[in-house]
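First the structure, in the form of structure tokens, and then the observations on it.
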Amino acid sequence: MHQSIDTAIGLNLLHANQAGADHNRAHFDEWGITCLNLMSSPGAGKTVLLEKTLAALQSELKMAVIEGDMTTELDADRLRQYGSPVIAINTGRSCHLDAKMVAGGIHRLQEDYNPKEFDLVLVENVGNLVCPAEFEVGEHSKVALLSVTEGEDKPLKYPVMFQEADCLLITKTDLIPHLDIDLEKLAANVRSMNPHVTIIPVSAKTGEGLDTWFSWVKSQVKVPMIVSI
């Protein structure tokens, strides 16, 4: 009985969140913004990837960041150095951002900026391999990060995030010489559950794969149609 009640409550929460996510996405679509949701376990490299992305693409794209952490604005402060607006959201005990939280972030962005000026909103979700994948926030694409130190079996143990991802970044590849890891096996494990995912090995330290990542990001951004009169 209790299990049935818990299941019903969980489904209601997911349904309500999905409605909120659809509402957020409708706003993004109205404004011509692409939203990417970055997800990973803690320490996989989301923040440093965003630093590299903001630095590399700021002359080409107008970007904003919604930065999720349980507490502090440490990561948000790091990202603010690159000049793009960064909205920090502290989730408290929650292990993920949800659509309502991100809606609040959108409203805060609207207070100081015209959202139609932006091309891209990058959401850095709370570090967790499970919860963020189950709660959409209004994104157009999900980006998962997995560091080589986590092993090639992680996608099999925590499948939902890797099943949902549109792009997987295998991070910290500069550490491979010091580890016993098989990248081909890792990629095969991911493709066994998500055959169409884009997989990009990257190293923020050496720069490996970053240009490929930047190209993928730009390929996702909505390009306004120019109508000739």
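Cβ from N, Cα, C; glycine included.
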**Prompt:** According to Swiss-Prot, Cys95, His96 bind Ni(2+); which one of Cys35, Cys131 is listed for that same site?
**Reply:** Cys131
**Prompt:** Which site among Cys95, Cys131 has the most other CB atoms no more than 10 Å from its CB, taking these as binding-site residues?
**Reply:** Cys131
**Request:** Other than Cys95, His96, Cys131, which residues of the same chain sit close to Ni(2+)? List them in sequence order, counting a residue when its Cβ is within 8 Å of the Cβ centroid of the site.
**Result:** Thr91, Ser94, Leu97, Asn125, Val126, Asn128, Val130, Pro132, Glu134, Phe135
